[in-house]
């Protein structure tokens with residue numbers, strides 16, 4: 001009996017050892033399988049990433065027209081075709097998402113008005129609104145695939161930060177011209193408009209007046225980044241009034257003018273603040289007497305302008321904003337119409353998605369009245385035709401301007417920490433000086449605009465006339481309100497279109513003060 005017990009104990013011990021060895025083998029196999037699976041997933045993600053980079057997937061992005069793979073106009077892949085992106089409401093948040101999706105460590109700046117050339121394909125996306133944390137650009141909100149009112153000169157682009165390189169990394173060298181900042185032209189320039197149908201329009205040609213051997217040959221101006229700010233400087237220098245249109249086009253290169261297009265591109269990358277007296281005072285890509293300027297497109301991509309003697313001039317009334325600004329906490333249930341127009345912060349949409357009782361949550365709104373006065377010599381009119389105006393069911397009228405005003409809150413480091421997303425406006429004469437009859441009204445599909453010496457007033461009790469600051473910490477900030485911020489509609493000047501103020505935000509109140517007019 002005792003020997004039987006000993007044998008049973010030995011068998012039990014052997015069985016336990018065998019089971020433990022088996023467990024170890026299983027654990028080793030499991031670890032090996034886990035490591036192999038992780039490596040496989042990494043390879044799969046890497047392949048997926050480069051497939052997207054190689055234009056194989058829906059929502060893929062690429063940059064075109066730049067002088068390196070880190071910059072250019074943005075194109076997106078949808079329904080088997082590449083398309084451009086419109087620069088309406090294009091800012092740092094969208095640039096951050098684009099550069100991260102393309103694998104770069106961050107962005108340097110977003111670009112507008114076809115900075116890297118005209119859009120060569122259909123616009124797929126317009127009025128993008130990103131929070132900055134989205135994984136891909138298609139995760140942001142926009143008007144819908146192909147829905148846009150944009151022209152070829154409104155292409156959106158980015159300049160991304162490049163990866164840090166070390167001795168073991170081989171990278172594409174940065175062209176020397178990318179390291180050279182823009183500069184003012186060191187010599188006096190003579191201007192003329194060529195190819196126009198009437199006086200005051202045509203493509204812009206320039207020549208150096210005091211170069212070696214006297215005046216040089218006439219040359220064209222590359223259309224990269226050309227817009228109303230630059231056009232206004234040209235019209236001012238030629239004493240032709242104000243720029244009604246500034247385009248990147250070959251429309252005025254008809255051989256019927258007997259001149260054709262000059263082969264020499266004299267200026268490129270022109271960037272004006274808008275108040276310069278001459279085009280030579282603006283910034284340009286560096287160019288020497290015997291050097292031909294670089295241009296994203298060598299054929300027909302030239303700067304052109306149309307000048308007119310009378311023009312609108314909008315001024316934002318910051319005194320009205322200072323007097324009307326206040327805080328309001330509002331239930332999200334009452335914000336449903338505004339949320340359809342993207343008028344609240346990104347976090348509100350996350351709450352709506354994740355919280356079944358989202359409608360009981362509240363948002364803190366910084367509300368104020370926006371009064372815009374037309375102090376010019378001509379009416380301010382929308383830049384899109386009436387049949388393209390958008391009907392808004394919430395407000396029960398048509399909106400004629402997609403981007404008429406932007407409201408931004410900026411911290412001490414210059415970062416935008418909150419913004420008002422007021423993407424659509426109805427323009428009308430709400431208040432006029434004595435003796436001036438209002439002409440524009442939104443009701444009954446009426447004509448829209450702002451008459452001379454009249455004001456368009458968006459009062460603080462109107463949806464979206466606010467900034468959602470629910471996630472903002474208490475403290476002091478800068479608040480900037482800009483009218484016609486993307487210079488889509490021509491004006492006499494733009495340095496009175498924005499008001500920049502100090503903003504004090506406490507637990508119980510908010511106020512703005514020390515406001516001053518600036519350019520958007």
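Cβ coordinates come from backbone N, Cα and C, glycine included.
TrEMBL annotations: computationally assigned, not manually curated.
Positions annotated as disulfide bond by TrEMBL: 86-150 (among others).
Note: residue 160 (disulfide bond) has non-local neighbours 63, 70, 71, 95, 98, 99, 102, 104, 106, 107, 108, i.e. same-chain residues 6+ apart with C-beta under 8 A of its own C-beta. The disulfide bond feature in TrEMBL is assigned to 99-160 (among others).
Look at TrEMBL and you will find 130-140 (among others) tagged as disulfide bond. Cβ environment of residue 140 (disulfide bond): 94, 97, 128, 129, 130, 131, 134 lie under 8 Å away, each six or more residues apart in the same chain.
The feature disulfide bond is assigned by TrEMBL to 272-282 (among others). On its own chain, residue 272 (disulfide bond) has 229, 230, 232, 233, 279, 281, 282, 283 as residues at least 6 apart in sequence with a Cβ closer than 8 Å to its own Cβ.
Sequence annotations record features per position, and here TrEMBL assigns domain 'SRCR' to 61-161 (among others).
The domain 'SRCR' annotation in TrEMBL covers 191-308 (among others).
Under the heading signal peptide, TrEMBL lists 1-24.
Looking just at the domain 'SRCR' (61-161), the mean pLDDT is 88.
Counting residues of the domain 'SRCR' (61-161) by DSSP class, helix then strand then coil, yields 16 helix, 34 strand, 51 coil.
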